[in-house]
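Residues or ranges marked as transmembrane segment by TrEMBL: 24-41, 91-109, 130-149, 191-212, 232-252, 287-308, 342-361, 412-434. Residues annotated as region 'Disordered' in TrEMBL: 46-84, 468-496, 511-591. Marked as compositional bias 'Acidic residues' by TrEMBL: 65-76. According to TrEMBL, the compositional bias 'Basic and acidic residues' annotation covers 477-496, 511-530, 550-566. Positions annotated as compositional bias 'Polar residues' by TrEMBL: 580-591.
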Amino acid sequence: MAEPSSAIQLVEQALDQFLDMRPILLTYTHLILSALLPIYAGSHASLSRPSSAAKPKKKAKTAAEDDDDDDEEDEWSDKKPKMEGLEPSDAFMFPLIAGLTLAILYFIIKWLEDPAVLNKILSFYFSQMGLFFTAAFLTDGLVVARSFIFPTSYSSRGNQWKVEQSNMLSIASKKADGQARIERKSPLPGLFGAIPLPAGILSFLWTLRGLVYQKLRLRLKVRNLANIKTRFGILDVIGAGTALVAVAYFAFVAKPWWMTNLLGFSFCYGSLQFMSPSTFLTGSLILSSLFLYDIYFVFFTPLMVTVATKLDVPIKLLIPRPADPSSDSKELSLAMLGLGDIVVPGMMIGLALRFDLYLYYKYKSMQKTESAKSDQDETKPIYQNATGKWGERFWTRSKPPHSNAQAFPKPYFHASIVGYIVGMIATLAVMQFWNHAQPALLYLVPSVLISLWGTALCRGELGFMSAFSDINDDPEDKPTSNEKDSENENAKPEDKRGFFARIWSGDVKAPFERTETSKDDDLQKKEKETLSSTTNTDSGAGKDAQNTSSKEESKKKKDDAGERRIFSLSISLPKKAPDSQKNLSDGTGTD
């Protein structure tokens, strides 16, 4: 009878412990979901074309097509920052730099006794960095909301609808040649587009839609300092303005927990698009080194707990929790999770998602090659953008191409997410049982790594996983011979070194540098070519105009050489294709 009674006692103790945790279960659920939000969003925002997929070919736009699709694509492709690939040497530098920073902050806190001055200095520092991350986070959130409210395409009642802003109509695609054209006067998607609305409301909705999709061209040049060419819209202005207000409020007015979390989400979201281990082996090495770092500084020194509790800066997530009955303090009780416990495992989770996308196109190319002739080289499938357009995917989830881009298998991403949740639950359970702060990486690192490598072992893909590199060495991305010459002149030998090695050598700007040709420059080149071909077909009048323009250009060059412009700024609307050019693309010209 002793054995059953001891088993019953064990069950009763477990039930008592569960009843004690019931008031805080909601807090812990909130904490886990808050950690998963930036990981999920940042991982998907970091997706780009893998080396196993071919570059999509740009189609010539017809007269009936709007610029909304291109603007939506540019929203997620042109703004994508350069991913900094971490090398094995960074596995040594990460804990070393983190430990030195932690020790310096700890001794400053002990020396000052009151960390208010240090909080102000660090708040100002993090506010400068947080402004850009918060602006990007809020702007991307507004772009996602726009795609749900005003998508560029949607399916309804068995038809695929294309929204044309220029004509203020939604057009259903024809299923057969004899089918009559179906139109809607509402820009709203799905069943909402079938609701009859007054003309005034429809006009307002179309104006609002055109406003949120409108892009302006910004050109800023400061002599020998900056040369910026970009496109921005009202959502970028709203996101940047809101971020500026939020950061200023946090730095100079008050630091509520929800504002700390907003900046923390933004830091994590931006970091997961900026940093990534180059391979799974490198990522495992980095996580293992930080695993040992976390254990040492939590269990064997008071540094981490002191710095995390004394500093009021956005380096953690704060979640309200029930007050301790034994405490008489009227201050809000908060649960805390460091941003490192999100970003460090999140880098591997994001790498797992990009590996899923790589395998998806890899297996598609293998199937194509097997179905084709045996002596044929491996054919890469065309890449479909897997980032952005969440609203279009929702409203057309049963129609290609959005269904294909969204529904690629994600076994490694899902396995790593499950591993992260298991690690978080283990951390919170041990912390609740021992009533002592726990190093979250002690549980998160093994659970995430075991889930990833275990999935590869079960699926028989250890070879693919070990050989995978997040650095795209696709020949399609390699520059032409002329571009190679210019790049070789400006190439630096430090570019192949690790992240921290480049910073130590003074190459701080390197992770942020990205050379690309903007869409506006391509449009300007096409416009110049069109104008030159038009003038060549004309007779004497065209020659006179050409001579006049050449004289003006030579005069302008002389003026520029004499003045040496120091600063220039211009904001303009991108030019639409001329009507004659549209007619030529349609194959219908005017006599």
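Each Cβ is built from the backbone N, Cα and C atoms, and glycine gets one as well.
TrEMBL labels come from automatic prediction, so no person has curated them.
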Sequence-remote partners of the transmembrane segment (130-149) [C-beta within less than 8 Å, at least six residues beyond its ends]: 41, 45, 72, 75-76, 79, 188, 212-213, 235-236, 238-240, 242-244, 246-247, 250, 262-263, 265-267, 269-271, 314, 388-392, 394-395
Per Cβ pairs under 8 Å, the stretch of 24-41, 232-252, 287-308, 342-361 packing most closely against the transmembrane segment (91-109): 287-308
Positions whose Cβ lies under 8 angstroms from the transmembrane segment (24-41), at least six residues beyond its ends: 140, 261, 264-265, 268-269, 272, 317, 319-322, 335, 337, 341-342, 345-346, 349-350, 417, 420-421, 424-425, 428, 432
Same-chain residues near the transmembrane segment (191-212), Cβ under 8 Å, at least 6 residues beyond its ends: 146, 150, 154, 156-157, 161, 163, 165, 168, 170, 184-185, 233-235
